[in-house]
Structures are given as C-alpha cells and as structure tokens.
Amino acid sequence: MLHLARGIHTSPGSCTQRCSKLVDSVLRVDHAGELGANQIYRGQMAVLGHTKAGKTIQHMWEQEKAHKEEFDRLINKYRARPTALLPFWNVAGFALGAGTALLGEKAAMACTVAVESVIVEHYNDQLRKLMDDPTFTDKELLDTIQRFRDEEQEHHDTGLEHGAEQAPFYRALTDVIKFGCRTAIKIAEKV
C-alpha cells in the first residue's frame with residue numbers, strides 16, 4: 001500500500017494518485033485553455049453563427065470541443081487538479097469571442113489568430129519540457145498534445161486565410177489578446 005500513497009505509476013501513463021507537478025500543471029493549463037477556446041467559439045457563434053463565417057467558426061469549435069473532452073478524460077486519468085478559475089475562464093472566453101465577433105468577422109478571425117499563435121507556442125514549450133523529463137513516459141499524452149497543436153496551427157492559418165490581418169487595429173487587437181492569453185496560461189499553471 002505504500003506505493004499507492006506515494007503516487008507511483010502502476011502502469012505507463014496512469015497514476016494511483018496525482019502525477020508529477022509538471023504533468024499536473026500541463027493538464028491544468030491545457031484543460032483551462034480548451035475550456036476558454038470553447039467559450040471563445042461559442043461567443044463568436046452567438047454573434048456570427050448566421051453569417052458566412054459561421055461554418056468556418058463551427059468547424060474550429062467542433063475540434064475545440066473534442067480537445068476539451070480529451071483533456072476532461074486526461075484530468076481524470078492523471079488525477080490532475082483543474083484550475084480553480086474555470087468559472088472565470090468560462091465567462092472571459094465567451095466575452096472575448098462575442099466581443100471580437102461584434103467588431104466583425106475579420107476581428108473574430110484576428111482573435112483566433114492571436115489566441116492560436118500563443119497556444120501553438122505554448123504546446124511546443126510543453127512538448128519540449130515533457131520530452132526532456134526522463135521520468136515522463138506517456139507517449140499517448142505527447143501524441144495528443146502534438147495533434148492538438150497541429151489543429152490549433154490549422155485554426156491560426158484559417159484565421160489568416162479569412163482576413164484576420166484586415167481587421168481594424170489588427171496589431172493592437174492581437175497584441176492585447178496575446179498578452180491576455182499568456183497571462184492566463186501563467187495563472188492557470190499555478191492556480
């Protein structure tokens with residue numbers, strides 16, 4: 001029973017208790033981020049769902065729903081602690097999505113570009129940290145993060161293809177959103 005109290009792996013990728021601080025942090029922030037992304041697209045759909053951009057936004061949202069569902073599963077598998085700020089990310093994500101959509105389709109796409117550029121960078125950082133950790137052996141988690149990173153890059157590129165850079169005040173808008181995303185990541189890693 002002593003091995004159970006210390007959280008020693010019983011099989012690759014599963015824990016009897018919480019796993020390493022790194023995995024706990026990775027899952028907490030990714031789970032929070034996917035919740036936020038879902039809410040951003042929910043907000044955008046509330047405003048733009050009936051427009052020509054609606055189909056594109058819906059496609060990206062469907063992928064984000066699958067991402068969140070997978071991180072829900074992984075949070076349970078690893079017994080990781082979700083962020084205490086989930087209710088805040090819920091509201092903030094919707095407000096960001098709806099707010100940028102109210103500025104128009106191009107502003108909504110600029111939001112997507114800003115968010116996804118930070119997320120791709122963040123997933124790349126996580127992959128490096130996990131691969132550098134000699135105690136981490138869960139290939140499934142690495143594959144999941146890589147796949148989601150690639151889909152987030154696809155969303156970024158879709159935003160650019162749909163005129164994100166033509167949004168009013170593109171540079172200022174994306175810089176503010178990127179700063180907010182980076183701040184949210186740092187907070188969710190700890191809280």
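Just so you know, glycine gets a Cβ as well, placed from its N, Cα and C.
The Fe cation 1 binding site annotation in TrEMBL covers Glu34, Glu64, His67, Glu152. Residues annotated as Fe cation 2 binding site in TrEMBL: Glu64, Glu116, Glu152, His155.
Spacing of His155 (Fe cation 2 binding site) relative to Glu34 (Fe cation 1 binding site) is 13 Å (Cα to Cα, whole number).
Neighbours of the Fe cation 2 site: apart from Glu64, Glu116, Glu152, His155, residues of the same chain with C-beta atoms within 8 angstroms of the site's C-beta centroid are Ala37, Met60, Gln63, Thr112, Val115, Ile119, Glu151, Gln153, Glu154, His156. Recorded residues Glu152 (Fe cation 1 binding site) and Glu116 (Fe cation 2 binding site) have their alpha carbons 6 Å apart, per Cα-Cα distance. Each of the binding-site residues Glu34, Glu64, Glu116, Glu152 was scored by the number of other CB atoms within 10 Å of its CB, and the largest score is that of Glu152. When the Cα atoms are compared, Glu64 (Fe cation 1 binding site) and Glu116 (Fe cation 2 binding site) turn out to be 11 Å apart. Between the C-alpha atoms of His67 (Fe cation 1 binding site) and Glu116 (Fe cation 2 binding site), the distance comes to 13 Å.
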